[in-house]
Structures are given as structure tokens and as C-alpha cells.
């Protein structure tokens, strides 16, 4: 077996079991159920927001430490945190313990960056597209199977909601054991660098051989390279345009995903139909298919009409979330959530692919981290304003009305420059048409220049 494929399979196995958490779609029902004296209101205001704030606080630190410690240590640490989380969920009952769980869960989510970036330090660049698809497929496969297993066990009465955590705990324990099998990384993008091709001789089949000298730890070099990658990325208008939508949409999606179970609980008070796992499974399945479709969509079409596409998708997402805030039918709420998530996964795939085309080599991890950090800043602001006692302190139904409005505002943000761009385009075309044949021999050159200006006007 080729070395790059072997490493990819090892990492994908870890990712699969990391996401094998059948208790996840039912966590709100479990925490507010008979096993704990916790109310949905306490979950809403005193528990879930802690995970958001921790994720924000830890992400940048984890990103830098991951590069310094060269990935594998953080992957092992991530698995250890997962074991502690689900052990606490199984064998504690207090509110304080649950708040500690949220601190750990925020850390657990932040350490996911090590999983996504490890592979790029071990595999040659010509294999990046293949291994990226593999790692994401592993995550989605684990998530899908976990949702199916959880829903099946709950619907058949084979396990109760608490017992699902035993499966999750076992999967996290297996991922910890498997993490030790992953090959160590000798260099990293920023802090450990080799003058001879980034510290490693990456052969065509992906095998890595350490060069002899001139590699080592350097903060000065790391700082210079971080700044170079940052300025090169965020001085490009296309990157800024798509990254802004990426961050704002991601903030809204995470907030919706984090609190949708509370909304479902409010709609379905008698729990006559408890199909959270089925909803998550369908979202994962159709979301994966939409991501695949996004890979075959003509990027030039998206770039040409980017502002209008981002406007339309944001408006549609806003309408879906707003509808769920008013819905009294649990089946409609499930369907709307699936449609919302599929649309988000399609667009976030397009956003990341478009941004990646304009980045320097090895800088995607930095841009991914920055965009995610900005998303968490906006998510934290939403949490403070909408959920906290010092803010509006809304119920889940009220929150989703605000989240729907949030996406509609995002649509307006892109509608304004889209309209300006369209007006400028129409005016330029009218001017060209009115010029007729009187322009002389230089007409073709000027028309070509005007066409390029029209294309540039699709940016902010």
C-alpha cells in the first residue's frame, strides 16, 4: 500500500471514531431528563453558552500550539478530552459538573483543527485534494452512522438516552488508542521548518524522509510567515468577500445547530415523536451529497454572480430559520433544519474552495482558523445578546426568530453591493451601446477593458 494512502486511512479511522457519538442528537433530552435535575432554561442560559465562550477562547491558542507540538500530541489530547467529557456525563449529575463538561467540550471542538491540518504535514501537495476528501468523508460517515445507530436504539427501546453515552465513551476510548498509531510529524508549517522543502522530502507516493540539517524551531520565522500569509490572503477582495460570508454564516449555523434541540423540545413537549437522530442522519447524508455537487459547479459562474448568490442563499436560510421559530409541527421543524443545513454545507464548500484558489501554499489552515475565530466572535455576541440574562434572555422559539432575522440582515449586507454592481454594469453597457460605431479603431480594446471592470465590480 502506498504510504500516503496508509497515513490517510489511519487518520480517517481516528476521525470516524471521534465522530461516532450516537448520544449527540439526544443530548438536550438526556440532560433535561430523569437522570439530572436540570431544566431546559438552565441548559439554555447557564450551560450551553459556556461551550461557545470556551471554543472562542481556546481556538487561536490551540491553532498555534498544534503547530508548535506538531499535531499528533493535540490529536491524542483531543481523544483524552472526549473520554473525560462522556465520563462526566455518565457519572455526575450536578450543574457545576455540566458546566465543566461545556468547558471541555469547547476545547474538544477547538482541537479538531489538529485533525484537519495533520494530513497536510505528512502528505505531498499533489495528494491534498484526495486526502482532504477522505478526511471529510470519514467525519461525515462517523456522524451519519452515529445518528442512525442512536435513532435505531432509541426507537426500538434497546437503550435509553443515558446508555447511548456508553457507546460514545467506547468510541472515544478507541480513538485514543488509535491516535498512538498515527505517525509522528517532524516539521510543521510555521514553527518547525526545513529549508529543504518545508523540512521533509515528500516523495511522489507521499513517503516522508527527514533531511539532515537546517531544520528547527523559530518564533521569528513563524511570525514573519504568519504575517505574510495573513496579508496576502486578506488584501485580496475575493478572499475578503467570501471569508466574510463564511464567518457570518458559520456563526449563525453553529448557533442554530447548538440550540435546535431546545426548539424541538419546545415544539414537541410530549415527546411523542423523538426523531432527532434521524434528522441529523439525513442532514449529514444530504449535506455530504451537496458538498460533492458543489465540487462540480462551475466556479466562474459563482465568481461572476457571487454577490447575488450569497444574497439569495442568505435570504433563503433566513426564511427557513424564521419559519422554524413560528412552527408548531415537529416534522416541519425537522424538514426545515435539514434544508437549512444542506444549503449551508453546499455554500460553505463553495466558499472554502473559492477562497483556497487565491491563497498561498500552506496558508489555508491559517485562513480557516481566522475565519472560524471570527465566526465564534459573532456567535458569542449572538449568545450574549439573545440568550444571556444581561441580554434579551429569549426562549428557544424567540431565539430562532432572531437567528432568522440575522440571516436576512446578512442577505441585505450582500444585496447592497450586488445592486450597486448591477447598476454599474448596466450603465457601462448602455454607454458602450450608445457609443455605436463612432468609437473608432480603439473600440475593441476599450470594450475589453470595460468588460474586465464589470467583472471586477462583482466584489465589494
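Quick reminder: no glycine exception, Cβ is built from N, Cα and C everywhere.
What TrEMBL says about a protein is an automatic prediction, not a curated fact.
Taking TrEMBL as the reference, the stretch among 273-298, 429-454 described by the feature transmembrane segment is residues 273-298. Residues 364-388 are the range that TrEMBL records as transmembrane segment, among 214-238, 364-388. Of the given residue ranges 193-213, 403-423, TrEMBL assigns the label transmembrane segment to 403-423. Note on TrEMBL: of 49-66, 139-156, 157-174, the range annotated with the feature transmembrane segment is 49-66. The stretch from 73-91, 103-121, 244-261, 305-325, 331-352 with the most CB pairs below 8 A to the transmembrane segment (49-66) is 103-121. A contact links the transmembrane segment (305-325) to the transmembrane segment (403-423), because at least 3 Cβ pairs that are 6 or more residues apart lie under 8 A.
Listed as Cβ neighbours of the transmembrane segment (364-388) (distance under 8 Å, sequence separation of 6 or more from its ends, same chain) are residues 44-45, 48-49, 52-53, 55-56, 59-60, 63, 113, 116-117, 120, 189, 226, 229-230, 233, 239, 243, 246-248, 250-252, 254-255, 352, 355-356, 394, 399, 402-403, 406. Long-range contacts of the transmembrane segment (73-91) within the same chain: residues 14, 18, 23, 30, 62, 65-66, 97-98, 100-101, 104-105, 107-108, 111-115, 118, 162, 165-166, 168-169, 172-173, 175-176, 179-180, 182, each at least 6 residues beyond the stretch ends and with a Cβ under 8 Å from a Cβ of the stretch. Using a cut-off of 8 Å between Cβ atoms, the transmembrane segment (331-352) and the transmembrane segment (103-121) share fewer than three residue pairs, counting only pairs 6 or more apart in sequence.
Sequence-distant contacts of the transmembrane segment (403-423) (same chain, at least 6 residues past either end, Cβ-Cβ under 8 Å): 245, 248-249, 252, 255-256, 307-308, 310-312, 314-315, 317-325, 382, 386, 457-460.
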